[in-house]
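Beneath this line is the structure, given in structure tokens, with notes to follow.
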Protein chains: 2
Amino acid sequence: MSALSPLTPHQATIFNLLKTLESEVSAQMIYAELRQQKHRLGLATVYRGLKHLQLQGAVQARLLSNGEAVYSLVSEEKLYVTCVKCGISVPLAYCPIDEQVLPQALSLRFKIFYHTLEFFGLCSPCLEQETVA
Amino acid sequence: MSALSPLTPHQATIFNLLKTLESEVSAQMIYAELRQQKHRLGLATVYRGLKHLQLQGAVQARLLSNGEAVYSLVSEEKLYVTCVKCGISVPLAYCPIDEQVLPQALSLRFKIFYHTLEFFGLCSPCLEQETVA
DNA sequence: AATGATTAAGATAATGATTATCATTTTAAC
DNA sequence: GTTAAAATGATAATCATTATCTTAATCATT
């Protein structure tokens, strides 16, 4: 991850909160938590801050099957097993060397139907926009 | 993919439409297309039919970053590159042997921030429910 | 320090895909 | 053929997210 462009106080607050968490959190949860901590910010600011951090490559987002997005620091590659029925999504350790990951998933008693590997980043037009802007 | 439990006419119609398509489609698009073809069905039926097919392991879903779900037949593993800014998502050929996939993505001029690998299936409780029900 | 321009933030309305609801129809079993 | 179960249609409800618009903060320049 390259150096972050300067963050506003709110953006830094959000970023710092994410640093203290080990699991993914939704924007709504971040909002609730920060309000709990007596920070005065709006929900829209949380969404905007997360978007900003994401465009910096500092934060990653993942969509749960209920349509909710969860955020975390950009980290080592992660592997999830998600139930297509109830939507439960559990993270697994993933070792790219040892492809014994499927048996591990099966040991959790998941019946696997399919999997998806996705890369996220900026497409060329958006990258240019970010670079000049 | 194991044998499908009997499909209702509408479910079969949806399944057959997916068979004729090579790209992912949203439920809304399926609905519009089938209405176009003079099929009399409701939008809710499309969603229910897709859910049913998904629980059979016949259809896979993927959430776009705009929150919309797109569906396709369960197929070979697929790899996508998604822009975190504009949300454009382009499929790539994926060869599990040849890990030259990142260079390929880069050749498309994506600046990659992170990637995610997800398995989808049924968790143990849901699998039992499906089995008995 | 004041000015003007740009960006950030707050509050809240609008959006839109998906899900829930419920009455009705179809299907399947006995 | 009657009954129970499942499927369907139509539409209202949900809810995370985005858009909007006004106000506040920031910052460079004079």
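Each Cβ is built from the backbone N, Cα and C atoms, and glycine gets one as well.
Taken straight from TrEMBL:
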type	residues	note
BINDING	A:C83, A:C86, A:C123, A:C126	Zn(2+) binding site
BINDING	A:H115	Fe cation binding site
Do you know offhand how many angstrom separate A:H115 (Fe cation binding site) and A:C83 (Zn(2+) binding site) by C-alpha? 11
When a 10 Å sphere is centred on the Cβ of A:C86 (Zn(2+) binding site), how many other Cβ atoms does it contain? 14
Which of A:C123, A:C126, the listed binding-site residues, has fewest other Cβ atoms within 10 Å: A:C126
Enumerate same-chain residues with a sequence separation of six or more from A:C83 (Zn(2+) binding site) and a Cβ-Cβ distance below 8 A; give 'none' if the list is empty. A:S89, A:F110
